[in-house]
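Among the features that TrEMBL reports, transmembrane segment is placed at 32-50, 91-113, 133-157, 169-188, 194-213. Residues or ranges marked as domain 'Peptidase M50' by TrEMBL: 41-112, 127-164. Look at TrEMBL and you will find H51, H55, D147 tagged as Zn(2+) binding site. Marked as active site by TrEMBL: E52.
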Amino acid sequence: MVSPLALIFALLVAYLLSGSIRDRLPTASDGQVLAMATVISVGFLLSLLVHEIGHCLAALAFGHTVRSVTLHGFAGFTEFEPEPRSPGREFLIAFVGPAANGLLAGLCFLGLLGIGDDTNVGVVLRDLGVINLALFVFNLAPGVPLDGGRVVIAAVWAVTGDKLRGLRAGAYGGFVVAAGMVVWGTTISGDSFGLFYTYALAAFLAFAAFQSLRAAQLRGRLPGLSAGRLVRRTLPVEGAVPLAEALRRAQEVGATAVAVIDRDGNPIKIMNGSAVDALPEHRRPWMSVDEVSRAISPGMVLDADLEGEDLLAAVQSMPASEYLVLQHGRPVGVLAMVDLVARLDPAAAARMVAQR
(Lines of atoms letter the chains of each structure in order from A and count residues from 1; the text may use other names and numbers.)
(Lines give C-alpha, C1' and ligand atoms only; values in the text may rest on other atoms or scores of the structure.)
Protein backbone atom coordinates (compact mmCIF):
# COMPACT_ATOMS: atom_id res chain seq x y z
CA MET A 1 0.00 0.00 0.00
CA VAL A 2 1.22 3.50 -0.83
CA SER A 3 0.04 6.19 1.56
CA PRO A 4 -0.95 9.67 0.26
CA LEU A 5 2.09 10.99 2.12
CA ALA A 6 4.31 9.01 -0.24
CA LEU A 7 2.91 10.80 -3.29
CA ILE A 8 3.26 14.19 -1.60
CA PHE A 9 6.82 13.36 -0.63
CA ALA A 10 7.63 12.30 -4.20
CA LEU A 11 6.43 15.68 -5.49
CA LEU A 12 8.48 17.45 -2.82
CA VAL A 13 11.62 15.51 -3.74
CA ALA A 14 11.10 16.37 -7.42
CA TYR A 15 10.74 20.06 -6.57
CA LEU A 16 13.84 20.14 -4.37
CA LEU A 17 15.96 18.26 -6.91
CA SER A 18 15.07 20.62 -9.75
CA GLY A 19 17.40 23.35 -8.52
CA SER A 20 20.29 20.95 -7.96
CA ILE A 21 19.89 19.43 -11.43
CA ARG A 22 19.77 22.91 -12.98
CA ASP A 23 23.07 23.80 -11.30
CA ARG A 24 24.79 20.67 -12.61
CA LEU A 25 23.30 20.78 -16.11
CA PRO A 26 22.85 24.48 -16.95
CA THR A 27 22.15 23.71 -20.63
CA ALA A 28 19.25 21.35 -19.89
CA SER A 29 15.76 22.53 -20.81
CA ASP A 30 13.02 22.99 -18.24
CA GLY A 31 11.30 19.87 -19.54
CA GLN A 32 14.48 17.80 -19.19
CA VAL A 33 15.05 19.05 -15.64
CA LEU A 34 11.47 18.22 -14.67
CA ALA A 35 11.72 14.78 -16.27
CA MET A 36 14.97 13.95 -14.45
CA ALA A 37 13.63 15.20 -11.11
CA THR A 38 10.49 13.10 -11.59
CA VAL A 39 12.46 9.97 -12.49
CA ILE A 40 14.69 10.39 -9.44
CA SER A 41 11.77 10.94 -7.05
CA VAL A 42 9.91 7.91 -8.42
CA GLY A 43 13.17 5.97 -8.24
CA PHE A 44 13.41 6.92 -4.58
CA LEU A 45 9.98 5.43 -3.87
CA LEU A 46 10.90 2.33 -5.86
CA SER A 47 14.09 2.04 -3.80
CA LEU A 48 11.95 2.02 -0.65
CA LEU A 49 9.78 -0.65 -2.24
CA VAL A 50 12.81 -2.81 -3.11
CA HIS A 51 13.96 -2.40 0.51
CA GLU A 52 10.63 -3.69 1.81
CA ILE A 53 10.51 -6.48 -0.78
CA GLY A 54 13.84 -7.63 0.64
CA HIS A 55 12.27 -7.90 4.09
CA CYS A 56 9.27 -9.72 2.61
CA LEU A 57 11.34 -12.31 0.76
CA ALA A 58 13.47 -13.00 3.82
CA ALA A 59 10.39 -13.35 6.05
CA LEU A 60 8.69 -15.66 3.55
CA ALA A 61 11.85 -17.75 3.24
CA PHE A 62 11.66 -18.44 6.98
CA GLY A 63 7.98 -19.39 6.80
CA HIS A 64 6.49 -16.15 8.12
CA THR A 65 3.23 -14.69 6.82
CA VAL A 66 3.51 -11.17 5.37
CA ARG A 67 0.42 -9.15 6.30
CA SER A 68 1.14 -5.82 4.62
CA VAL A 69 3.73 -3.57 3.02
CA THR A 70 3.25 0.19 3.33
CA LEU A 71 5.28 3.06 1.87
CA HIS A 72 5.01 6.30 3.81
CA GLY A 73 7.17 8.47 1.53
CA PHE A 74 10.31 8.70 3.63
CA ALA A 75 10.06 5.18 5.02
CA GLY A 76 8.38 1.84 4.59
CA PHE A 77 6.97 -0.78 6.91
CA THR A 78 6.54 -4.52 6.41
CA GLU A 79 4.22 -6.34 8.80
CA PHE A 80 4.67 -10.08 9.17
CA GLU A 81 3.94 -12.76 11.73
CA PRO A 82 4.89 -14.51 13.87
CA GLU A 83 7.95 -12.72 15.22
CA PRO A 84 11.37 -14.27 14.47
CA ARG A 85 12.07 -17.08 16.91
CA SER A 86 15.86 -16.88 16.77
CA PRO A 87 18.48 -14.10 16.69
CA GLY A 88 19.76 -15.39 13.36
CA ARG A 89 16.39 -14.94 11.70
CA GLU A 90 15.95 -11.56 13.37
CA PHE A 91 19.28 -10.41 11.93
CA LEU A 92 18.76 -11.73 8.41
CA ILE A 93 15.23 -10.37 8.00
CA ALA A 94 16.38 -6.96 9.26
CA PHE A 95 19.66 -6.76 7.32
CA VAL A 96 18.38 -7.81 3.91
CA GLY A 97 16.40 -4.55 3.48
CA PRO A 98 19.40 -2.18 3.76
CA ALA A 99 21.47 -4.71 1.81
CA ALA A 100 19.04 -4.33 -1.10
CA ASN A 101 19.63 -0.56 -1.07
CA GLY A 102 23.38 -1.13 -0.90
CA LEU A 103 23.14 -3.35 -3.98
CA LEU A 104 21.10 -0.72 -5.85
CA ALA A 105 23.65 1.96 -4.92
CA GLY A 106 26.46 -0.22 -6.24
CA LEU A 107 24.63 -0.81 -9.52
CA CYS A 108 23.98 2.92 -9.97
CA PHE A 109 27.62 3.88 -9.33
CA LEU A 110 28.77 1.04 -11.58
CA GLY A 111 26.61 2.45 -14.36
CA LEU A 112 28.32 5.83 -13.95
CA LEU A 113 31.69 4.35 -14.92
CA GLY A 114 30.76 4.22 -18.59
CA ILE A 115 28.51 7.30 -18.68
CA GLY A 116 29.84 10.01 -16.39
CA ASP A 117 27.75 12.26 -14.16
CA ASP A 118 27.63 15.21 -16.57
CA THR A 119 24.85 13.71 -18.70
CA ASN A 120 21.12 13.42 -18.12
CA VAL A 121 21.32 9.69 -17.43
CA GLY A 122 24.45 10.20 -15.36
CA VAL A 123 22.73 12.73 -13.09
CA VAL A 124 19.84 10.34 -12.53
CA LEU A 125 22.16 7.41 -11.76
CA ARG A 126 24.34 9.48 -9.44
CA ASP A 127 21.40 10.83 -7.42
CA LEU A 128 19.76 7.42 -7.15
CA GLY A 129 23.09 5.95 -6.10
CA VAL A 130 23.49 8.58 -3.38
CA ILE A 131 19.89 8.08 -2.24
CA ASN A 132 20.30 4.31 -1.94
CA LEU A 133 23.66 4.67 -0.20
CA ALA A 134 22.01 7.04 2.29
CA LEU A 135 19.17 4.55 2.82
CA PHE A 136 21.72 1.79 3.40
CA VAL A 137 23.68 3.77 5.98
CA PHE A 138 20.71 5.40 7.72
CA ASN A 139 18.69 2.20 8.07
CA LEU A 140 21.64 0.47 9.72
CA ALA A 141 21.85 3.14 12.44
CA PRO A 142 21.76 1.11 15.70
CA GLY A 143 18.35 1.98 17.05
CA VAL A 144 14.71 0.87 16.77
CA PRO A 145 12.61 1.40 14.65
CA LEU A 146 15.43 1.29 12.08
CA ASP A 147 16.71 -2.01 10.75
CA GLY A 148 19.96 -1.37 12.59
CA GLY A 149 17.95 -1.49 15.79
CA ARG A 150 16.74 -4.97 14.86
CA VAL A 151 20.37 -5.93 14.24
CA VAL A 152 21.20 -4.70 17.76
CA ILE A 153 18.31 -6.77 19.13
CA ALA A 154 19.61 -9.85 17.32
CA ALA A 155 23.19 -9.30 18.52
CA VAL A 156 22.28 -8.81 22.19
CA TRP A 157 19.83 -11.70 21.99
CA ALA A 158 22.51 -13.98 20.52
CA VAL A 159 25.10 -13.02 23.16
CA THR A 160 22.86 -13.06 26.24
CA GLY A 161 20.19 -15.53 25.17
CA ASP A 162 17.61 -12.97 26.33
CA LYS A 163 15.46 -11.35 23.65
CA LEU A 164 14.02 -8.90 26.16
CA ARG A 165 17.48 -7.43 26.78
CA GLY A 166 17.87 -7.09 23.04
CA LEU A 167 14.58 -5.22 22.76
CA ARG A 168 15.63 -2.79 25.48
CA ALA A 169 19.04 -2.27 23.87
CA GLY A 170 17.43 -1.56 20.50
CA ALA A 171 15.03 0.95 22.07
CA TYR A 172 17.81 2.80 23.92
CA GLY A 173 19.76 2.83 20.67
CA GLY A 174 16.79 4.57 19.05
CA PHE A 175 17.00 7.38 21.60
CA VAL A 176 20.73 7.76 20.89
CA VAL A 177 20.14 7.92 17.12
CA ALA A 178 17.37 10.51 17.59
CA ALA A 179 19.62 12.63 19.82
CA GLY A 180 22.42 12.35 17.28
CA MET A 181 20.11 13.64 14.56
CA VAL A 182 19.16 16.64 16.69
CA VAL A 183 22.83 17.44 17.27
CA TRP A 184 23.55 17.02 13.57
CA GLY A 185 20.55 19.20 12.73
CA THR A 186 22.02 22.11 14.67
CA THR A 187 24.97 22.12 12.25
CA ILE A 188 22.67 22.76 9.27
CA SER A 189 22.74 26.44 8.38
CA GLY A 190 20.70 28.29 5.78
CA ASP A 191 18.42 25.31 5.09
CA SER A 192 15.18 25.68 7.01
CA PHE A 193 13.53 22.72 5.27
CA GLY A 194 16.49 20.45 5.99
CA LEU A 195 16.44 21.52 9.64
CA PHE A 196 12.69 20.96 9.95
CA TYR A 197 12.90 17.56 8.26
CA THR A 198 15.80 16.46 10.47
CA TYR A 199 14.03 17.47 13.67
CA ALA A 200 10.75 15.88 12.54
CA LEU A 201 12.53 12.62 11.73
CA ALA A 202 14.35 12.72 15.07
CA ALA A 203 11.02 13.19 16.87
CA PHE A 204 9.56 10.25 14.96
CA LEU A 205 12.51 8.03 15.88
CA ALA A 206 12.36 9.07 19.54
CA PHE A 207 8.62 8.35 19.73
CA ALA A 208 9.07 4.96 18.06
CA ALA A 209 11.93 4.14 20.45
CA PHE A 210 9.71 5.07 23.40
CA GLN A 211 6.96 2.80 22.10
CA SER A 212 9.46 -0.02 21.63
CA LEU A 213 10.80 0.42 25.17
CA ARG A 214 7.27 0.37 26.56
CA ALA A 215 6.52 -2.78 24.57
CA ALA A 216 9.66 -4.38 26.00
CA GLN A 217 8.57 -3.49 29.52
CA LEU A 218 5.16 -5.07 28.92
CA ARG A 219 6.73 -8.20 27.45
CA GLY A 220 8.77 -8.49 30.62
CA ARG A 221 5.52 -9.37 32.38
CA LEU A 222 4.81 -12.31 30.05
CA PRO A 223 6.88 -15.03 31.77
CA GLY A 224 4.65 -17.06 34.06
CA LEU A 225 1.43 -16.07 32.30
CA SER A 226 -0.42 -19.04 30.85
CA ALA A 227 -3.84 -19.57 29.32
CA GLY A 228 -4.72 -22.02 32.09
CA ARG A 229 -3.94 -19.54 34.86
CA LEU A 230 -6.02 -16.78 33.26
CA VAL A 231 -9.06 -18.91 32.46
CA ARG A 232 -12.45 -17.76 33.67
CA ARG A 233 -14.97 -20.08 35.25
CA THR A 234 -17.37 -20.89 32.43
CA LEU A 235 -21.03 -21.92 32.42
CA PRO A 236 -22.07 -24.33 29.62
CA VAL A 237 -25.60 -23.72 28.29
CA GLU A 238 -27.71 -24.70 25.29
CA GLY A 239 -28.00 -22.06 22.59
CA ALA A 240 -31.78 -21.73 22.94
CA VAL A 241 -31.57 -20.61 26.58
CA PRO A 242 -32.68 -16.96 26.97
CA LEU A 243 -29.76 -14.62 27.55
CA ALA A 244 -31.20 -13.30 30.82
CA GLU A 245 -31.56 -16.85 32.13
CA ALA A 246 -28.00 -17.73 31.09
CA LEU A 247 -26.67 -14.67 32.90
CA ARG A 248 -28.72 -15.55 36.00
CA ARG A 249 -27.32 -19.09 36.05
CA ALA A 250 -23.79 -17.79 35.57
CA GLN A 251 -24.14 -15.38 38.48
CA GLU A 252 -25.59 -18.15 40.63
CA VAL A 253 -22.55 -20.41 40.19
CA GLY A 254 -19.97 -17.62 40.10
CA ALA A 255 -19.14 -18.03 36.41
CA THR A 256 -17.93 -15.00 34.45
CA ALA A 257 -18.10 -16.59 30.99
CA VAL A 258 -20.71 -18.58 29.08
CA ALA A 259 -20.13 -21.24 26.42
CA VAL A 260 -22.85 -22.51 24.09
CA ILE A 261 -22.77 -26.31 23.82
CA ASP A 262 -24.24 -28.77 21.33
CA ARG A 263 -26.33 -31.85 22.17
CA ASP A 264 -23.19 -33.80 23.06
CA GLY A 265 -22.02 -31.12 25.49
CA ASN A 266 -19.21 -29.83 23.28
CA PRO A 267 -18.61 -26.05 23.23
CA ILE A 268 -19.44 -24.57 19.82
CA LYS A 269 -19.76 -20.86 20.64
CA ILE A 270 -18.58 -18.36 23.26
CA MET A 271 -20.82 -15.59 24.52
CA ASN A 272 -19.50 -12.23 23.38
CA GLY A 273 -19.24 -9.97 26.42
CA SER A 274 -19.17 -6.78 24.33
CA ALA A 275 -22.38 -7.76 22.54
CA VAL A 276 -24.08 -8.47 25.87
CA ASP A 277 -22.96 -5.15 27.36
CA ALA A 278 -24.33 -3.29 24.33
CA LEU A 279 -27.73 -4.96 24.66
CA PRO A 280 -30.35 -3.14 26.78
CA GLU A 281 -31.29 -5.16 29.84
CA HIS A 282 -35.00 -5.23 28.99
CA ARG A 283 -34.24 -7.10 25.73
CA ARG A 284 -32.16 -9.84 27.29
CA PRO A 285 -35.08 -12.12 28.23
CA TRP A 286 -36.22 -12.12 24.60
CA MET A 287 -32.92 -13.07 23.00
CA SER A 288 -31.22 -16.43 23.14
CA VAL A 289 -27.63 -16.71 24.29
CA ASP A 290 -26.85 -18.14 20.85
CA GLU A 291 -27.65 -14.76 19.24
CA VAL A 292 -24.92 -12.94 21.19
CA SER A 293 -22.30 -15.65 20.88
CA ARG A 294 -19.43 -16.10 18.46
CA ALA A 295 -18.68 -19.41 16.76
CA ILE A 296 -15.44 -21.00 17.94
CA SER A 297 -12.98 -21.07 15.05
CA PRO A 298 -9.72 -23.09 15.21
CA GLY A 299 -7.72 -19.97 16.09
CA MET A 300 -9.95 -19.31 19.11
CA VAL A 301 -8.94 -22.55 20.84
CA LEU A 302 -5.91 -22.36 23.15
CA ASP A 303 -4.06 -25.01 25.10
CA ALA A 304 -4.04 -24.40 28.84
CA ASP A 305 -0.25 -24.89 28.93
CA LEU A 306 0.35 -22.14 26.36
CA GLU A 307 2.35 -19.39 28.08
CA GLY A 308 4.56 -16.34 27.64
CA GLU A 309 5.61 -15.44 24.10
CA ASP A 310 3.72 -18.43 22.67
CA LEU A 311 0.48 -17.26 24.27
CA LEU A 312 0.97 -13.73 22.96
CA ALA A 313 1.71 -15.00 19.46
CA ALA A 314 -1.40 -17.19 19.52
CA VAL A 315 -3.80 -14.38 20.40
CA GLN A 316 -2.10 -11.99 17.97
CA SER A 317 -2.59 -14.44 15.11
CA MET A 318 -6.35 -14.60 15.77
CA PRO A 319 -7.61 -11.48 17.59
CA ALA A 320 -10.80 -12.14 19.54
CA SER A 321 -12.47 -11.02 22.75
CA GLU A 322 -12.70 -14.58 24.15
CA TYR A 323 -10.94 -17.91 23.60
CA LEU A 324 -11.84 -21.48 24.54
CA VAL A 325 -9.12 -23.09 26.68
CA LEU A 326 -8.49 -26.86 26.57
CA GLN A 327 -6.58 -29.08 28.98
CA HIS A 328 -5.65 -32.46 27.47
CA GLY A 329 -8.32 -31.90 24.84
CA ARG A 330 -11.10 -31.12 27.33
CA PRO A 331 -12.62 -27.62 27.83
CA VAL A 332 -11.60 -26.00 31.10
CA GLY A 333 -12.96 -22.50 30.59
CA VAL A 334 -12.70 -19.27 28.65
CA LEU A 335 -9.82 -16.81 28.42
CA ALA A 336 -11.01 -13.21 28.01
CA MET A 337 -8.58 -10.97 26.14
CA VAL A 338 -9.21 -8.17 28.62
CA ASP A 339 -7.84 -10.40 31.41
CA LEU A 340 -4.60 -11.00 29.52
CA VAL A 341 -4.25 -7.30 28.70
CA ALA A 342 -4.89 -6.43 32.35
CA ARG A 343 -1.88 -8.50 33.43
CA LEU A 344 0.33 -6.73 30.88
CA ASP A 345 -1.07 -3.20 30.86
CA PRO A 346 -3.82 -2.37 33.39
CA ALA A 347 -4.42 1.06 31.86
CA ALA A 348 -5.04 -0.45 28.43
CA ALA A 349 -7.42 -2.99 29.96
CA ALA A 350 -9.35 -0.19 31.65
CA ARG A 351 -9.72 1.55 28.29
CA MET A 352 -10.98 -1.69 26.74
CA VAL A 353 -13.64 -2.01 29.44
CA ALA A 354 -14.65 1.66 29.07
CA GLN A 355 -15.15 1.24 25.32
CA ARG A 356 -17.44 -1.78 25.70
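Here the Cβ of each residue, glycine as well, is placed from N, Cα and C on the backbone.
From a predicted model like this one, the values you see are computed outputs, not experimental measurements.
Annotated pair E52 (active site) and D147 (Zn(2+) binding site), C-alpha to C-alpha distance, rounded: 11 Å. Highlighted in sequence order, E52, G54, G76, T78, A94, V96, G97, P98, A100, N139 have their Cβ within 8 Å of the centre of the Cβ atoms of H51, H55, D147, the residues recorded for Zn(2+), and are not part of that set. Confidence over the domain 'Peptidase M50' (41-112), given as mean pLDDT on the 0 to 100 scale, stands at 89. The recorded positions considered are E52, D147; of these, E52 has the fewest other C-beta atoms within 10 angstroms of its C-beta. A contact between the transmembrane segment (194-213) and the transmembrane segment (91-113) is absent, since fewer than 3 of their C-beta pairs, 6 or more residues apart, lie under 8 Å. Through the fold, the transmembrane segment (133-157) approaches residues 47-48, 51, 87-88, 90-91, 93-95, 97-99, 101-102, 105, 163, 165-167, 169-178, 205, 208-209, 212 of its own chain, all at least 6 residues removed from its boundaries and within a Cβ separation under 8 Å. Within the same chain, residues 47, 50-55, 57-59, 62, 64, 78, 84, 122, 125-126, 128-130, 132-133, 135-136, 139-140, 147-148, 150-151, 154-155, 158 sit at least 6 positions outside the transmembrane segment (91-113) and bring their C-beta atoms closer than 8 Å to a C-beta of that stretch.
Listed in sequence order, the residues of the same chain lying 6 or more apart from H55 (Zn(2+) binding site) and placing their CB within less than 8 Å of its CB are T78, F80, I93, A94, V96, G97. Helix first, then strand, then coil: DSSP counts for the domain 'Peptidase M50' (127-164) stand at 29 helix, 0 strand, 9 coil.
A C-beta separation below 8 Å, combined with a sequence spacing of at least six in one chain, links H51 (Zn(2+) binding site) to G76, G97, P98, A100, N101, L135, N139.
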